[in-house]
Amino acid sequence: MHKPFVIHSEAGNRYWLLLKPVEWLLLLVAVIWGGSYSAAKLATTELPVLQFLVLRFGLTFLLLAPALRGITSVASWKSSLAGASLLGAILLAIFVCETFGVTQTTASNAAFLISLCVVFTPLCEWLFLGERPDRAALMACGLSFLGAALLAFQGGGDLSQLTLGDGLMVLAAVLRGVMVCLTRRQSLRFKLPALTLTAVQMGVMTVGSLMLMTLAPGPGWTAIPATPAFWWAMAFLVLFCTILAFFVQNYAAARTSPSRVALLMGSEPLWGALIAVIWMKEHMSLQGWIGGLLIVSSTWLVLRPGRRSP
């Protein structure tokens, strides 16, 4: 049993919001990922996208390589390695879709469409795990979907302008839902240490992005930038957005339901907006703030007092 964190309301009735410690970590990851867009945008202005992915995942894999020893600590380690490699391949597909998708659509459309993973995850959970989402989870998905739409289209979005990039972002959102559910299934089946699972994923992603960089048409290899801004961005992406984030997600997969993971991570667009307003000095309309409030409300709906945790 985890010891709940208690939050008191200063106005109105007193209420309890129960969060497992691991769910607080998921919220932290959502905040970190909210800031990853700016860091990735900065890095990819100095390096081609695929070469950037090779460097990012390669550095991460080197740092996590010692954790590979943990793979022999579980029974059926060959099956565990195969399962972890599959997850790494799906994760690579997500990053490729997201990275190229963002370059071919507007930032607002990208934020909206990737948030569809909150809607897709309960459906994937039903499909892959046989766990039918309850009414509260479905309502929360709808609220999160609406909130993301308000955030994304606060400038007046036009669905007729949907592009190939939009399609790639939708595919990435579907793959995110699949990823969360398969990670939970693999974690429960093989009990692979979270850090070891992350290391295997990074190895697969490094090899995969290297193959894509070598075989796919596009810009060739270029010199690695030496600017401090590039390396600060890369350090943030490697240490926080990759190592910490995927360790927490893998660790949480066996300790809370995929729908709760997706809803907590689904607050990422809100944090991204807050970071943009505070750090990048961007303006966000009242409609955008209402959308952010709906995303937060959807999270509370699933974690509200008196609701049994899955």
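The backbone N, Cα and C atoms fix where each Cβ goes, glycine too.
Bear in mind that TrEMBL entries carry predicted annotations, made automatically and left uncurated.
If you take every residue in the domain 'EamA' (24-152) and average the pLDDT, you get 81. Sequence annotations record features per position, and here TrEMBL assigns domain 'EamA' to 24-152 (among others).
The feature domain 'EamA' is assigned by TrEMBL to 164-303 (among others). Using DSSP to sort the residues of the domain 'EamA' (164-303) gives these counts of helix, strand and coil: 112 helix, 0 strand, 28 coil.
Only residues 6 or more beyond the boundaries of the transmembrane segment (49-68), in the same chain, are considered here, and those with a CB under 8 A from a CB of the stretch are 40, 43, 95-96, 99-100, 103, 193, 195-196, 198-200, 202-203, 205-206, 209-210, 212-213, 216, 218-219, 221-222, 224, 234, 237-238, 242-243. Under the heading transmembrane segment, TrEMBL lists 49-68 (among others).
Listed by sequence, the residues of this chain that lie at least six past the ends of the transmembrane segment (80-101) yet keep a Cβ under 8 A from its Cβ atoms are 40, 44, 49, 52-53, 71, 74, 110, 113-114, 165-169, 171-172, 175-176, 178-179, 182-183, 186, 189-190, 192, 196-197, 200-205, 208-209, 212, 246. Feature annotation from TrEMBL assigns transmembrane segment to 80-101 (among others).
Annotation comment: TrEMBL describes 107-129 (among others) as transmembrane segment.
According to TrEMBL, the feature transmembrane segment maps to 136-156 (among others).
Feature annotation from TrEMBL assigns transmembrane segment to 162-182 (among others). Sequence-distant neighbours of the transmembrane segment (162-182) (same chain, 6+ residues past either end, Cβ-Cβ under 8 Å): 86-87, 90-91, 93-94, 97-98, 100-105, 109-110, 113-117, 120-121, 123-125, 127-129, 249, 253, 258, 261-262.
Among the features that TrEMBL reports, transmembrane segment is placed at 194-217 (among others). Tertiary neighbourhood of the transmembrane segment (194-217): same-chain residues 48, 50-51, 53-54, 57-58, 60-61, 64-65, 67-71, 81, 84-85, 87-89, 91-92, 95-96, 183, 186-187, 242-243, 246-247, 250-251, selected by CB-CB distance under 8 Å and a gap of 6+ residues from either end.
If you look up TrEMBL, you'll see 229-249 (among others) marked as transmembrane segment. Sequence-distant contacts of the transmembrane segment (229-249) (same chain, at least 6 residues past either end, Cβ-Cβ under 8 Å): 22, 25-26, 28-29, 32-33, 35-36, 39-40, 42-43, 46-47, 55-57, 59-60, 63-64, 91, 180, 183, 194-195, 198, 201-202, 261, 265.
The transmembrane segment annotation in TrEMBL covers 261-280 (among others).
Residues or ranges marked as transmembrane segment by TrEMBL: 286-303 (among others).
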